[in-house]
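S.K.: Quick one: the structure is below, questions incoming.
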Amino acid sequence: MEHKLSKAQQEAKTYVERHQLEKVVGQMLNALVHAKDPSPIVFMIKHLATLSTPQELAEAGISINMPTQARESIIQEKPSPVEEQEQAPICPEFTGSSNSLAYKYWTNDLWRQIYDKKTSNGFTAVSCINPDSKAKFGIVAKDAECYRTFDYLFKNVIEDYYGKDLKYKDGTDADLPSYDPTSEFVQNLRIKISRNIKGQKMVPGMNDDDRTKLEQTLRPVLQKIEGKYLDMESATDVEKEELSLYFPAEPGKAIGDYYFSAQNWPQGRAVLICPNKSYIWVNAKEHIEIVVIGYGSELQSAWNRAHELLSLLQQDLEFEFDDEYGYLNSVISEIGTGTNISAFIQFPLIAKHPNLENWAIQHELDLKKRDDGKSIVIFEKPRIGKSSAEIVIDFNRTIKEAIDWEKELQVLFYPKIEGNLGNFVTEDVWDNFKNSSTSDGFSFYRHISAAIENPDNGFTLCSKDSYSAYSSIITNLCQSLYSLSEFTYQKDLTVPDLQEPDNDGKYIKSVRLTAYRNIASFPFTSALSTAQRESVESSLKSVLSQLSGDLAVDWTPITEINKSESKRLISKGELFAKPEGGREGDWPGYRGIFRNPNGDLIAWVNATEHLTIISKSQSSQMVPRIKNLVDTLTQIEANLEMWTDGQFGYLASTLLNIGTALELTAVISLSNAPLQDGFDAFCSENNMAYTREGDNLNMSYNKKFGVSEAQSFVEFVNGLKNLVAWEEQLSQS
């Protein structure tokens, strides 16, 4: 049953509505919350005083010694019908976020100034309100005229965000030295330049027809530039996945200040995919967005590429520009230079530092922590009052400052390491090496950082120079790992004369032979920059694609393998999971697998090492697998030089993969031999180790020094042959 108001309640309700008291009090409280004034009562008195003219206050006997805004009070007697027609209608409710900047200025006074104004495209102030609850600004420009037609609203928000009395500054020439040449910290950089075509509705104000017409107008202009023009409506899932790596916030899922830009995605949108990880988006968030990805800390080359593309566009296009606000875009954070700069950086210590957020605020940066707990993304806020050159130079200096800070934290204390490595990197060893680096610039801390996080990662080698710079530690670790006092290696990558250890396949169920290689002139996978990882991939693709006959293999990038297929291939041992120990950079980019049609020859690119070759069989046939592996390695090494050393053999990022760099295994089913007291001693005498896999044993050959590759094959085959003979003897008795 509906509750009926009493006469007194009805009069009170009428009084409140007539004088708009709820709105007045709400605006006052909102202003107070934003200001966080230490004297809230005084703040509210001052706020209320500004809602009346000095004359009204004087007539009421109120005397104040502060300036008041000479604006008409919103508390009035009910006007006559004629007067009501001449007044502005009641200020509509602000439908955006109450936490947005625009909400603070959405007042009756503002409404009286803009309620009857429209742009030439018919946009009103109300149509510019962004309803998304996550919008920082609360308004967007649906065309360039919005900035001046609704000047009072936009100007207040702009000054609130950027500061007062600032004006656009020109200038793009910048000298940007690299402060992280080995890409130990900076994984990649991103330059984005946003522009809107003069005289056109901006993306938030466009309908389907508008977007289609503009895309068709821009297409021939962009097609003059080198690259592949892709209509997003016809893009494949693989193409979309690749593009999402370089446009972190997918335009079609835009929220917050880009709420309107996502409408009817991807209709009327396109992208020009240029060389060197450079892109020009059409109608994504603005009409034109140039996005350039820089490798590691190569900010200079990324900056130059972005402005080269901009210069090409300016030959045919004129952009929206305002002498005060600079280049006009739909979102206030994008005006001025229209330039955004961000960097993805690995800072394991800074990422956990309690002063990180304060540091970001002091440097006027937006900050995002990554889920891995050791990486951050920093964003330079676009500026009015600073030129593009000043912005990027300041950003580069900030990166240097942050790198210096991380390095200071690295040597500040002894990072006690658990596990076997901790026995060899004692506090004395730490003090001796903590400020050292290899000749090619890889710090000692980088070699042990993965083990600090997880002791199982051990000592991570960064490059060939790691073996000389930290030879004492490496020698001690190898002596412990291989139970040897001296290490020698003599290459003999040939196929020896062998007989099958189990010709009938009665005991041996499968065979898997693996070899690890790293291309000379590159760091190991743990220290590759993005550019280097891409070059490793490119070099291996070029060489392996030339294999022929039984060795012919087909290439599949990991980015093209869906989750279910990936899971299936990993379970079969044909695909690798995400590497660990600092080798996961750029995942899953620049990685893939080669496979032959029979599935018995597989090559992994940029897994634990640059190249992993696997020759396998679901049978007992060992000799064909050995020949297959040797022939493949021989052809590859005829075209690519690999890292080797006279003492440690083939070099790798982990000490488990050095020496002959072979991993020889066979799954064998034995009923009697493993039950004998002398089984472990037998395995040791034959340089074999084993793990149990259900009812089977996974036998592996564990000798990597003091033997050549050919000798390794002979010893492993003979060891298996002896094991099979022993099992046969036990079975007969």
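Cβ atoms here come from the backbone N, Cα and C positions, even for glycine.
Pasting the feature list from TrEMBL:
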- 83-163: domain 'Phosphagen kinase N-terminal' (DOMAIN)
- 185-409: domain 'Phosphagen kinase C-terminal' (DOMAIN)
- 188-192, 340-344, 368-373, 510-514, 663-667, 689-694: ATP binding site (BINDING)
- 507-730: domain 'Phosphagen kinase C-terminal' (DOMAIN)
S.K.: Counting by DSSP, what is the helix, strand and coil composition of the domain 'Phosphagen kinase N-terminal' (83-163)?
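M.R.: Residue counts in helix, strand and coil order: 35 helix, 2 strand, 44 coil.
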S.K.: So what sits near Asn188 (ATP binding site) in its own chain, CB-to-CB under 8 Å and at least six residues off in sequence?
M.R.: Ile293, Gly294, Tyr295, Gly296, Ala343, Phe344, Thr530, Asp586
S.K.: For Ser510 (ATP binding site), what residues in its own chain, 6 or more apart in sequence, show a Cβ-Cβ distance under 8 Å?
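M.R.: When sequence neighbours closer than 6 are ignored, Ser510 (ATP binding site) has Lys616, Ser617, Gln618, Ser619, Ala666, Val667 within Cβ distance under 8 Å.
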S.K.: Whose Cβ, among the binding-site residues Thr514, Thr691, has more other Cβ atoms within 10 Å than any of the rest?
M.R.: Thr514
S.K.: Summarise the model's confidence over the domain 'Phosphagen kinase N-terminal' (83-163) as a mean pLDDT value.
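M.R.: Mean pLDDT for the domain 'Phosphagen kinase N-terminal' (83-163): 89.
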S.K.: Sequence gap of 6 or more, Cβ distance under 8 Å: name the residues on the same chain that satisfy this around Lys192 (ATP binding site), in order along the sequence.
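M.R.: For Lys192 (ATP binding site), the qualifying residues are Glu289, Ile290, Val291, Val292, Thr339, Asn340, Ile341, Ser342.
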S.K.: Cβ distance under 8 Å to Arg370 (ATP binding site), same chain, sequence separation 6 or more: which residues?
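M.R.: In sequence order, Phe344, Ala351, Ile376, Val377 meet the Cβ cut-off.
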S.K.: For the binding-site residues Ala343, Ala666, which one has the sparsest Cβ surroundings, going by other Cβ atoms within 10 Å?
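M.R.: Each of the binding-site residues Ala343, Ala666 was scored; lowest Cβ tally within 10 Å is Ala343.
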S.K.: Can you see whether DSSP assigns Arg370 (ATP binding site) to helix, strand or coil?
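M.R.: Its secondary structure by DSSP: coil.
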